[in-house]
Amino acid sequence: MATSLLRVPPPQSLLRPLAVPERLLLGPGPSNVPPRILAAGGRQLLGHMHPEVLQVMDEIKAGIQYAFQTQNRLTLAISGTGHCAMEAAFLNLLEHGDTVLVAVNGIWGQRAADIARRLGTLGTAGQHRPGDGHFPLCFMQGLVQHKPSVLFITHGESSTGVLQPLEGLGKLCHRHGCLLLVDAVASLGGAPIFMDQQEIDVLYSGSQKVLNAPPGSAPISFSNQAREKMLRRKTKPPSFYLDMGWLANYWGCDGEPRRYHHTAPINSFFSLREGLAMLAELGLESSWERHRANCAQLCKGLSDLGLELFVKEEKARLPTITTIRVPEGYDWKDIIAFLMDNHAIEITGGLGPSVGKVLRIGLMGCNSTSGNVDRVLRALRDALGCCRRSRL
């Protein structure tokens with residue numbers, strides 16, 4: 001082919017070696033990937049229908065069942081991030097005209113309500129005050145008033161740093177003929193959750209937080225009641241890619257020979273498998289305790305620095321992500337930039353309802369260590385001394 005036909009030259013940026021800085025990621029995710037998981041993701045590809053890959057998928061299923069504490073047959077990993085799992089849950093559970101009740105206790109409730117509205121379902125919201133870890137009475141009454149088929153709530157609200165209590169909620173939902181859908185992206189592995197015992201019907205998470213794998217795969221599980229609701233659908237799910245009937249077959253959840261559905265992100269599955277393996281080796285209870293202890297150490301250190309914790313009640317604090325109010329006389333952007341530029345540490349500002357109000361510090365999985373707590377506290381002490389705005 002004549003080169004004279006080319007009008008776009010090779011990008012100069014692509015002719016230079018890839019440059020990626022080393023940083024300690026102490027934001028709300030992703031978290032740093034340990035060498036073992038990096039090595040797993042760097043293995044040579046296999047075909048997505050090879051028996052060795054299907055075996056890895058089976059091991060992932062078993063790992064998710066352990067992490068979720070469930071025996072649900074319909075358990076798998078979505079080829080996408082936590083957002084993708086959220087959409088998959090709604091797309092498969094709801095049909096036009098269904099009512100969904102959404103607990104809005106941060107940005108993830110807001111986005112869940114947005115997805116429900118896009119599907120043409122009747123969405124009603126139980127509003128939460130940011131930083132509050134309890135159900136308002138009006139939300140509890142919503143089950144009676146609106147008679148929803150699905151109730152959505154975020155277990156670990158990363159935008160506010162709240163850990164939402166779930167005890168008794170599943171039982172309450174089932175008493176009113178409603179399924180319970182829970183987002184555990186920011187909490188899985190860092191705080192106790194018991195899918196079967198708490199009667200959760202759909203639970204999903206992400207790979208890039210406590211599991212320390214790269215983003216791109218999202219564990220999800222459906223109870224028998226949720227599965228039966230999907231089987232009773234009058235219409236097909238509006239997404240082929242996220243159709244749980246197809247995905248259940250590809251993941252070997254329906255007892256039928258596996259059929260090709262999509263080309264799965266094989267190396268992401270290798271990484272997720274290792275993240276789940278490391279959680280299993282450590283043990284859930286040990287992981288929960290490690291996150292609790294390091295969060296407590298961080299909160300004490302922040303208070304000693306004179307910083308105000310956003311979530312007042314200790315038991316309502318999310319162990320994986322701690323939120324602090326932006327101190328008076330400081331610009332939150334200056335603090336974040338100072339830590340990045342001078343200490344190679346990432347923390348972040350607020351998200352959704354907490355934008356401009358808080359700083360967020362994440363301690364997740366292998367990043368949740370006493371040493372990292374000390375390191376970020378030293379960096380913050382340095383920032384507080386250098387970033388204060390001058391008075392005019």
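Even glycines carry a Cβ here, placed using N, Cα and C.
Among the features that TrEMBL reports, substrate binding site is placed at ARG360. Sequence-distant neighbours of ARG360 (substrate binding site) (same chain, 6+ residues apart, CB-CB distance under 8 A): GLY27, PRO28, SER158, GLY161, ILE321, THR322, THR323, ILE347, THR348, GLY349, GLY350, LEU351, SER354.
If you look up TrEMBL, you'll see 45-376 marked as domain 'Aminotransferase class V'.
In the structure as shown, the Cβ atom of LYS209 (N6-(pyridoxal phosphate)lysine) sits within 10 Å of 30 other Cβ atoms. If you look up TrEMBL, you'll see LYS209 marked as N6-(pyridoxal phosphate)lysine.
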